[in-house]
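Scroll down for the structure; my scribbles are underneath it.
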Amino acid sequence: MECFRRVNPFRACAGLRVLGYLMLALVAAIVAVSYYAVVVYAWGPLLLGGGGGSVAAAAIVLAAFHLLLIMMLWCYLMVVFTDPGAVPENWRHAAEEDDMDESNTRTISNDVATDIVNPPLFTSEGQGNASRYCSRCQNGKPPRCHHCSICDRCVLKMDHHCVWVVNCVGARNYKYFLLFLVYTFLETVLDTLVLLPSFITFFRDESRRSSSASDVAILFLAFVLNLAFALSLLIFIGMHTSLVASNTTSIESIRLAIIFVGSWLVLLACPNDMLCVGSNLLQVYERKKTVSWQYDLGWRKNLEQVFGTKKLFWFLPVHSSEDLHNIPALQGLGFPARPGAVV
């Protein structure tokens, strides 16, 4: 039994980084297959040897294809190589530093005893001035910060660890991740649409079946892959649009869902005995339809917390220096909160 106690299950998560490197190779392979199918097989020959109308159509298709491809790869590389946000060494909450300056009489044991007697109910991890500490990093944890078991470090405003980019998605690369999703979706939709005529013609016209088996395989593979990715990305983009509009991360959305589901279960379990419901739980229930999430500033402000205020930079994987200076959320250490929020 002692050997099992010494086993750290989180070490197994580190193996997912190896999977991430395989995903990098898979992304490169998908791009190569799509490029060959669209440029070399389907539309390149039309541009070089087609008539006037075909040449113009091919030029437009290939220009749009390469533009979206450049933007997609630019955003992808920014997500991969941008640090999502590391916690400064020996970081402490500002309120905690003030408390330490005023008085050091309160001990850790007293804090623990207080929490046991009066445990906080359904409060967010970063709410208020509550200090948080990561025992694995041996450092303080800013609001909305979480420890990634794969990267083995704390990440500022962590959304999730993405194996496709071998990196965490956090405060400082979340915009780049969203743009990568959007441009990849547009690219896959374009590829699907421009490959569809060749795909249909091949199966309808026997005269086109003189193509080599490898070309046919690449055309079929590129069409199916792009269609599948377009459909899956549409769902993913819809999910993250909802998260951005409410200024919520994927991790926070799961925790909020647990809170609200738990509140309903407790209320349903004892509908005639409201005394069994804690005061915090009642607040969540009563105010669920009004202001519930402390970082929800309204969809316009929430959008600026991710993309900045300079609309010219919204579609580029960069931030203006003014936004980086004026919007603390882009750095991941400070977030404006809405007063009166429940969680």
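Counting begins at 1 with the first residue displayed.
Using the three backbone atoms N, Cα and C, a Cβ is placed for every residue, glycine included.
Residues or ranges marked as domain 'Palmitoyltransferase DHHC' by TrEMBL: 130-255.
Here TrEMBL flags 21-43 (among others) as transmembrane segment.
According to TrEMBL, the feature transmembrane segment maps to 55-82 (among others).
Look at TrEMBL and you will find 176-196 (among others) tagged as transmembrane segment. Residues 34, 37-38, 42-43, 61, 64-65, 68-69, 71-72, 75-76, 78-79, 82, 159, 162, 165, 169, 219, 222-223, 226-227, 229-230, 233-234, 236-237, 240, 244, 306, 315-317 of the same chain lie 6+ residues outside the transmembrane segment (176-196) yet bring a C-beta within less than 8 angstroms of a C-beta in it.
Residues 30, 33-34, 36-38, 41-42, 181-182, 184-185, 188-189, 191-192, 195-196, 198-199, 202 of the same chain, all 6+ positions outside the transmembrane segment (216-237), place their C-beta atoms under 8 angstroms from a C-beta of that stretch. Taken from TrEMBL, the feature transmembrane segment covers 216-237 (among others).
Residues or ranges marked as transmembrane segment in TrEMBL: 249-269 (among others).
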Would you mind listing the long-range same-chain contacts of the transmembrane segment (21-43), meaning Cβ under 8 Å and 6+ residues beyond its ends? 58, 61-62, 65, 69, 73, 76, 80, 163-166, 187, 191, 194-195, 197-198, 211, 215, 218-219, 221-223, 225-226, 229
Tally of DSSP helical, extended and coil residues in the domain 'Palmitoyltransferase DHHC' (130-255): 75 helix, 16 strand, 35 coil
